[in-house]
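Comments concern the structure below.
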């Protein structure tokens, strides 16, 4: 008798995705982040659901409702901190997942890569809207500054901003619609993640060597289910440590002050995971130029398959490209640091230099290094 998991219409899909899936035998721990991102999404949807049961999306009561969750709801403080820090863990996993894709040449799977970029944008939009909901000072001013960037779009900009706000400033209408979108977007993310997996399973996973692995594949279960569970346990340990020992480490103290449209905080800045893009935005004195640089700083990922000029897929055997890659990582960390600093003397120049280096590495240095390595192969 054939096993039910191979015949049942629903179980068959699960079987082909997580049990009998042929997987390259040499994929390293860098391939754990896909499952960890799924884990993060489940945590965020569940904690968000319980928070939404007690939250009110009204400018008068939003801040108080979050306080009420933390003080009066059973384990409300835990749910709130899981949700807030869950977003940070989500982005850590996202950045590592994208970095892995860049290092090992996974972007040559066009469809999977492009769906991944759409996923990244969707998660960023979700996180931004979620940051507005507690209606603290940084929530309000962050929403005002970031939505205002759309006014840089010629001709329709101002109308577009007022349309998004639902009025002439960030107010009740804005908060209500942001709550509605913040609630629905994670489910769209989940649907997109399934499409992402669908395209991935059409080609099979990449592996560290970047070579075709048809001749050396093992079933996903038990080998990689165990590996993913270990990854989830390590993730859980780090996550619980963060929540229980330093829950406010990655947050902004200004957000513990209720939103006040009459009082602007001295340094308006987004959450830490947007700081690199914020630094690129600020490094250009022109408003429209800054907005374009901000969007292109992430949209540039689309160009990686086109800019891949190397004869080898992975960077595993390309020491020069490895060097350039790690300089890019250091540059992104520099941009993150600059994004959190005030707009004054040394930081402005450092930010501008780091922004130039970021685009130069991706558009010029990496492709040139690839061509040089191709020459060295013949030498």
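Here the Cβ of each residue, glycine as well, is placed from N, Cα and C on the backbone.
Beyond its flanks by at least six residues, the transmembrane segment (33-53) meets 69, 79-80, 82-83, 86-87, 89-90, 93-94, 96-97, 100, 182-183, 186-187, 189-190, 193, 228, 231-232, 235 of its own chain at Cβ-Cβ distances under 8 Å. Marked as transmembrane segment by Swiss-Prot on the basis of similarity to another entry: 33-53 (among others).
Look at Swiss-Prot and you will find 77-98 (among others) tagged as transmembrane segment, backed by similarity to another entry.
Here Swiss-Prot flags 83, 182 as heme b b562 binding site. According to DSSP, residue 182 (heme b b562 binding site) is assigned to a helical segment.
Residue 196 (heme b b566 binding site) falls within a helix when secondary structure is assigned with DSSP. According to Swiss-Prot, the heme b b566 binding site annotation covers 97, 196.
Outside the transmembrane segment (113-133), and at least 6 residues removed from its termini, the chain residues within Cβ reach (under 8 Å) are 55, 57, 62, 66, 87, 90-91, 94, 98, 101, 106-107, 139-140, 142-143, 146, 174-175, 178-179, 181-182, 185-186, 188-189, 192-193, 195-196, 199, 270-271, 273-274, 298-299, 301-302, 304-305. Annotated transmembrane segment per Swiss-Prot: 113-133 (among others), in sequence order, evidence recorded as similarity to another entry.
With a cut-off of 8 Å between Cβ atoms, the residues of this chain six or more beyond the transmembrane segment (178-198) that come close are 17, 37-38, 41, 44-45, 48, 52, 55, 57, 112, 115-116, 118-119, 122-123, 125-126, 129-130, 132-133, 143. Annotation source Swiss-Prot lists transmembrane segment at 178-198 (among others).
Taken residue by residue with DSSP, residue 201 (ubiquinone binding site) is part of a helix. Applying an 8 A CB threshold to same-chain residues 6+ apart, the list for residue 201 (ubiquinone binding site) reads 16, 17, 21. Taken from Swiss-Prot, the feature ubiquinone binding site applies to 201.
Packing against the transmembrane segment (226-246) from elsewhere in the chain are residues 29, 32, 35-36, 39, 78, 81-82, 85-86, 88-89, 93: each is 6 or more residues past its ends and has a CB under 8 Å from a CB in it. The feature transmembrane segment is assigned by Swiss-Prot to 226-246 (among others).
Under 8 Å from some Cβ of the transmembrane segment (288-308) lie the Cβ atoms of residues 98, 102, 105, 107-108, 110, 113-114, 117, 120-121, 124, 149-150, 152-154, 276-278, 280-282, 355, 358-359, 362-363, 366-367, 370, all in the same chain and six or more residues away from its ends. The transmembrane segment annotation in Swiss-Prot covers 288-308 (among others).
Annotation comment: Swiss-Prot describes 320-340 (among others) as transmembrane segment. Using a Cβ-Cβ cut-off under 8 Å and counting only residues 6 or more beyond its ends in the same chain, the transmembrane segment (320-340) has close neighbours at 99, 102-103, 269-270, 272, 274-280, 282, 310, 347, 350-351, 354-355, 357-358, 361-362, 365-366, 369-370, 372-373.
Taking Cβ pairs closer than 8 Å, the transmembrane segment (347-367) reaches residues 279-280, 282-284, 293, 296-297, 300, 303-304, 307-309, 321, 324-325, 327-328, 331-332, 334-335, 338-339, 341 in its own chain, all 6 or more past its ends. Annotated transmembrane segment per Swiss-Prot: 347-367 (among others), in sequence order, evidence recorded as similarity to another entry.
Between the CA atoms of residue 196 (heme b b566 binding site) and residue 182 (heme b b562 binding site) there is a gap of 21 Å.
Packing against the transmembrane segment (77-98) from elsewhere in the chain are residues 30, 33-34, 36-37, 40-41, 43-44, 47-48, 50-51, 66, 69-71, 116, 120, 123, 127, 130, 235, 238-239, 242-243, 247, 250-251, 271-273, 301: each is 6 or more residues past its ends and has a CB under 8 Å from a CB in it.
The two recorded residues residue 83 (heme b b562 binding site) and residue 97 (heme b b566 binding site) have their Cα atoms spaced 21 Å from each other. For residue 97 (heme b b566 binding site), the same-chain residues that are 6 or more apart in sequence and have a Cβ closer than 8 Å to its Cβ are 33, 34, 37.
For residue 182 (heme b b562 binding site), the Cβ neighbour count at a 10 Å cut-off comes to 21, with all displayed protein chains included.
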